[in-house]
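> Submitted below is the structure of interest, expressed as structure tokens.
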Amino acid sequence: MSSTIIRTDQLCYNYTKGVSTLTDIHLQVNRGDIYGFLGPNGSGKTTTLSLLLGLLKTQHGTIEILGKDLQHHRKEVLRKVGSLIESPSLYNHLTAKENLEVYREIYGASKARLQGVLNIVGLSDTGKKTVRQFSLGMRQRLSIALALLPKPELLILDEPTNGLDPAGILELRSLIRSLNKEEGITFLISSHILSEVEKMVNRIGIIYKGRMRFQGSLGELHKLQQQQSLVQLDTSDNLRAWAVLKKFQAELQDEDLVVPYTDLAQVAIINRMLIDNDLDVYNLHPRKQTLETIFINLTTE
Amino acid sequence: MTFTASLRSEFLKIKRTSLIYIILVAAFIIPFVMFFDYGSPDPEKLANGWDHFYKEATMVFVFVFLPMFFVLTSTLLMQIEVKNNAWKQVLASPQPFFNIIFAKFIIIQTLAFAFVVVYNAYMVLSAAVLDMAYGSDVLAYLKRWPELLKFNLNAFGATIGISTLGFWLALRSKNFIAPIAIGFLLWVIGPVSLEFKLPHIDKYVFVLPFTVFAKKFEHQRLFYQLLSLGYGLFFFTIAYVEFVWQRVQFKWLWQRPGRIVQ
């Protein structure tokens, strides 16, 4: 069995001729991943997810899901994929159970499974209440129940925390973690807030203006964070200090000297080297990058 | 995944919608008006007191009400998906595109069938009351049920083209007003053109129901039924092809499947 659940190659899409919405998207989601697909609003997340579900016509590139080409195996692929794209797609005039019943036979799910997914999301006791009377959080939970109905191998959730209160977000986060751990479901979750998905994902893809800016494990993103942390220096002779710290890839920026560092021990070494070379240190300011600033740097011009 | 699963899914969606009430109310209008408009039975004209009564009413029903019913229900049915933002969930489910739209088409035909049945029931009821009031034989007309059935089937057949045209208009529009307005405009062209006796207007899809009643077209009834069926196949094919074309590049339909990684 392939370890890659989603693989896109040179995926491009444009809604209007000449205006590219997606360019050369190479997405790779492995089995068992909780993959956070991040990017600011309008960066192309929903377009990518819509292409993965066959909601939009693939114009260029290939999409392989669960080892099968989506265009030629649409039904087989979709049978194993649950999804929630943007706002909940529910019939407001029907009850929670009826909404699931609409899709039960299509996914070949049993009545017990239907009840099971309602129990998982805590909506088994809504009775004859129609979805119109549901709160946004309840709708979101019902949409997740619908996505879980086919016992999916892959769940694609587009901004699933939209409109949820903090308690709802925590609840959803723990639900995703437990489904990933206990049922082995692979998740592809899109969001525009890094901190929201940071605590549950193991792999991250960052998209900006239709292009992938980063793809890798959370560890790799942390590594990037460390690489991009800088110590800002002002010494009695910045030019000579720059020559001394050349091996640390020091750079002169205006009147300041900046040196990348990975940990505070390295900052101490830098300081000692300057003193050993008869340079007075007037200012030493380590600027540690957070994941959030890395994300912002990757998603701004 | 069978077609019955798609059909069952579509039937569930119309639960608690206004479609059922539209059938009950719209089917009531003509029998209600005819009941109060009725003078007295004309023994000179037809065998039974309500023979003429039924044909006059049903002409309006088939020429006006049934075509507009198709346009309206098709639009309302598609609006269930649009209003609930549910198209994407339908399309992300493992159903063949054909099953998705054919199941919806069957729902519309079923609703239209129910509309015709309810209308006939109201007409029988309305006529029965009148017959009793004028001392006519209530059951005499019902004994001619094969004639009644044939008449209804002809009427249904003559509107197949209209039903698929209305279906296509509704399927391609996210808007509620547009398909109804276009449908109404296309229908209006029918009676206006008949008034001006335009050549070949009898072959216009919205005029076909008229051929069920007009003596002039009696000998060509089968031709008009087949023409309506032809229109039906034509518009349904367009609707299907357009629906698929929006989602799949046609070259993939005949290309070999891609690499399978196991």
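Each residue, glycine too, has its Cβ placed from N, Cα and C.
TrEMBL entries are annotated by machine, without manual review.
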> From the ranges B:80-100, B:122-142, grab the one TrEMBL calls transmembrane segment.
B:122-142
> Report yes or no: does the transmembrane segment (B:151-170) come within contact of the transmembrane segment (B:222-245), defined as 3 or more CB pairs under 8 Å with a sequence separation of 6 or more?
yes
> With CB pairs under 8 Å as the measure, which of the listed stretches B:18-38, B:58-77, B:122-142, B:222-245 comes out on top against the transmembrane segment (B:176-194)?
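Most Cβ pairs under 8 Å with the transmembrane segment (B:176-194) come from B:58-77.
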> Which residues of the chain, 6 or more past the ends of the transmembrane segment (B:122-142), have a CB below 8 A from one of its CBs?
27-28, 30-32, 34-35, 38, 40-41, 47-51, 53-54, 57-58, 148
